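Visitor: Shown below is the structure under consideration.
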Amino acid sequence: MALSWIIFTLMAAFMQAWRNAFQKQLSSSVDVYGVTLARFLFAFPFAILYLTGLYWQKPIVAQVNFSAQFWVYIVIAGLSQIIATALMVQLFKQKNYAIGVGLAKSEAILAAIIGVIFLHDHLTFMGYLGVAIGGVAVFLLSKGRHQTTLSLSTLLIGVGSGLSFAITSLLVREASLELGMLPFLHRAAWVLAWVIGFECIILLLYLGLCRRHTLWAMWQRIGLTFKVSVCSFLASLGWFSAMSMQSVAIVKTLGQIEIFFSLLISAYFFKEQLAKTDQLGLLLIVIAAIMVIWA
């Protein structure tokens, strides 16, 4: 199981890097609400198929009991992820692709702080040090090529996105722990299906009632919307499974390796120029990842 959370995290980071890249493309022709829905639209049926297939391959006789606390976690996690995704899309319009991802990666250190204060989720000294180094790496990557200081709007959107993602991740883990009667894969699959389903329904209702033109714009880019959803499903599957086994701060610190994938995509897919500080930031991310693996 020790190796499993690492594999799931690396898979999640890789797929999330591509999901963000496709979301950036989609944001050029679809508004922030549509790009946010694209993350969940086709991911929901995939989540149901995965849950069904899991029970077919590994039947579980234990009865699943969803407590009231479980539903509170699901609803707040779903709303937080919608907000986080919308802010992330706004980041794409503030700065370049890789730096936008870097700002939102403040999630790891924020998750560590919130986890300690509110959820009594303590780490080892090595774990805390790895998270701190990862935070420094995020700061370096956030500075960008042409800016020595961050604009206030970019800083607020970035931290807001990271904070919302951190809340989502922490509550996803808490929801998974509520299903302690199940193996970790089944716990993660149930949480994944409920969270994505809630997000999908909420956004479809809102757009159907208030912004039908957004749904039409998504239909015009259905292929790209599908790519966003598939990458999102695989990324969420990795994150949710890893966080069912390991502390959120540890998982998300290792998950900062996503920025390495994002830098490659930024350079070779979007042909964007990167700053020299990106090299030092990337090195620190690698060091932080090694430290949390050994924590």
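Note: Cβ is positioned from N, Cα and C throughout, glycine not excepted.
Remember, TrEMBL labels are computer predictions, not curated facts.
Checked TrEMBL, it gives:
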type     : residues : note
DOMAIN   : 4-142    : domain 'EamA'
DOMAIN   : 154-293  : domain 'EamA'
TRANSMEM : 6-22     : transmembrane segment
TRANSMEM : 34-56    : transmembrane segment
TRANSMEM : 68-89    : transmembrane segment
TRANSMEM : 96-119   : transmembrane segment
TRANSMEM : 125-142  : transmembrane segment
TRANSMEM : 149-171  : transmembrane segment
TRANSMEM : 191-210  : transmembrane segment
TRANSMEM : 222-242  : transmembrane segment
TRANSMEM : 248-270  : transmembrane segment
TRANSMEM : 277-294  : transmembrane segment
Visitor: Should the transmembrane segment (191-210) and the transmembrane segment (6-22) be scored as in contact, given a threshold of at least 3 Cβ pairs under 8 Å and pairs 6 or more apart?
Guide: no
Visitor: What stretch, picked from 68-89, 149-171, 222-242, 248-270, has the most CB pairs under 8 A with the transmembrane segment (34-56)?
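Guide: Per the Cβ count, the answer is 222-242.
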Visitor: By Cβ distance under 8 Å, which residues at least 6 away from the ends of the transmembrane segment (149-171) in the same chain are close to it?
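Guide: Same-chain contacts beyond the flanks: 73-74, 76-78, 80-81, 83-84, 87-88, 90-91, 94-95, 100, 103-108, 110-111, 114-115, 119, 121, 142-143, 239, 243, 248, 251-252.
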Visitor: Per DSSP, what is the residue count of the domain 'EamA' (154-293) in each of helix, strand and coil?
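Guide: Across the domain 'EamA' (154-293), the residues distribute as 123 helix, 0 strand, 17 coil.
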Visitor: If I take every residue in the domain 'EamA' (4-142) and average their pLDDT values, what number comes out?
Guide: 86
